[in-house]
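Asks: Here it is: the structure, laid out below.
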């Protein structure tokens, strides 16, 4: 076969294969476009926000923007987005603040900003008496590294941070154990019978006991929280919120940081913002740390009512 | 640059396009530039080290080629060996031997202070290209190979990107003539190379990287997983992971070379179908075992010496081979274990024959071979524990707990499997499917030529296969993994 003909044949075959591969990948497009990639992707594929809910997985699962929007209506600029991730990704710090700056529309003046606080989201690794340089691992995650946070499809996120094999996308979407809503609320559907909840609660408490033994309240994170509040105040109303947790975890938090509540009160006074402490609230959790789906509806309703006053 | 990266997906077609588009006399230069670019994508400054050792080996080879007498060539051989092995020692082994010496002095209560540790990063692939260069220089010294007079061609022999960082460790006699030849665009060969690359990619991203997700949590913190069944599962998974990873890398390397018109030697021949440990080493990492055979074992006297000396030779070769893999006692023990297996295998051969006659196994060669395959697999898998464990302590912990905690009820088995699959049940099924498919294809490959079989199929069948493999890689692949295991050596 002449060389030119062979080259053309090879290129045609490779093109065909590439088209077949692209068609195969395109089967996932409906899932990707609905934001059903993982528990985070949708927040980076939504448009820039006018109001934000911030914090870790407690806030991600516990505060529903739709409930607040329904109760508070046009009292703040929309869209209201739950931009809370996990303790690994979004503890308060300069990386999270930079990501918040990217996500918030710069022209917002009357936004609503729910800043969920707890001792863990203000802690860093190492015991207070031994740490010299604080390390903030989230700086190396998508929170610190992803610069385009309002793009659909978000190719930067999909190529760098989507870690699941592709076959899991439609499976996870179909089973919907975790479903990220377009407003950023993370719906989690897991077993809620007493035995399951008890086992999860015990395991979670153990995890947090380990954290308490190996972490300290971080001056760096505290300073970043102050900067975050300062920044958000220029764009609207800021409210500090401590979410409800189970009794065991609440006792551990009190033991880990007995002065935490006073520190938050002081912070709210310094910045003239409200502080709502619901930590002892009677809401059911899945594991002592995260509110159950029904409880998140009730809690969001109560939060909306308190914000409306 | 990894073979399974977007970077390589752009780099390789570009190199292939330019390679066949350029007049033949420029192609070598292109491949050399591409190879150094490939290497510099890890750490640019280490290309200088590669260039320096290449220049010294080239010069030593040329000087030796002008000396008719071996005795006269010896200083050049020594210079080259000292520079190659010295570099390897400084970058790879200095801290290891320093720490070992300090520990020994501490044990013996000797008042020896520790010198400073070297904070050097191990240049990727240094063990591979050093051994390739050393093989070349010994061949020239022995007069088995004419020294390469063209520096560019020699530099390409050392740095050729498909095999630069993890082999196969090629011989000058096999590669240098290929670099002298012109390679025309050959449709059939290119397609065959691409098929091999696709299969290698499957083994890497679908089999090995998936198994790594199951293996790593157990091997990285074995004390949190002291249950025997879980440790056995993780060990089995690693046994297939390392095969998928390394043979997958080799297929990618051989496929890439074939696309460019070059042939590398076979590095794996279905090693888990071996019926004895010696046979395993004739099928696993063939380029390294044959290197050790030709440049260490035979010069030591091989098996043509007194039995005790032959056993010593075997043990020594495998201890060195263990150390070649990594500056850690885990690798030394792994090599030592294989050395011991080989010594015992040789020593007990008459007893095995006697036993086979007495039990009647000798009359059933198929059954005897099957038994041999099973026993060899268990021995090899056990040795992998030392290869994979982060510390000798971890390896011993795993060894001690392999047979504990087997009294399980159904609920415990379910919990264990759930833990092992990272709480995502389909992963176990996908892993089993991927390993099964890999083994089935490899088994087929031991009896037929898969390439010839595929080429003989009607186009529709071939295309269903191609598209199916592409979709399997796309959908089941893990694309966020780090390096190939053997890149660290």
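Along the chain as shown, the residues are counted starting at 1.
Cβ coordinates come from backbone N, Cα and C, glycine included.
Keep in mind that TrEMBL annotations are predicted by a computer and have not been checked by a curator.
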Asks: Of the ranges B:313-330, B:331-348, B:349-366, which one does TrEMBL flag as transmembrane segment?
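Replies: The listed stretch tagged transmembrane segment in TrEMBL is B:331-348.
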Asks: For the feature transmembrane segment as recorded in TrEMBL, pick the matching range from B:410-427, B:428-445.
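Replies: Of B:410-427, B:428-445, TrEMBL gives transmembrane segment for B:428-445.
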Asks: Between the transmembrane segment (B:331-348) and the transmembrane segment (B:108-131), do 3 or more CB pairs sit under 8 angstroms, pairs being 6 or more residues apart?
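Replies: Answer no, regions not in contact.
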Asks: Report, as numbers and ranges, every residue of the chain located at least six residues beyond the transmembrane segment (B:76-96) whose Cβ falls under 8 Å of a Cβ in that stretch; write 'none' if there are none.
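Replies: Result: 49, 53, 56-57, 60-61, 63-64, 67, 117-118, 120, 122-123, 126-127, 130, 133-134, 137-138, 141, 323, 327-328.
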Asks: I'd like to know if the transmembrane segment (B:369-387) touches the transmembrane segment (B:151-169) in this structure, counting it as a touch only when three or more C-beta pairs sit under 8 Å and are separated by 6 or more positions.
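Replies: Output no: the transmembrane segment (B:151-169) is apart from the transmembrane segment (B:369-387).
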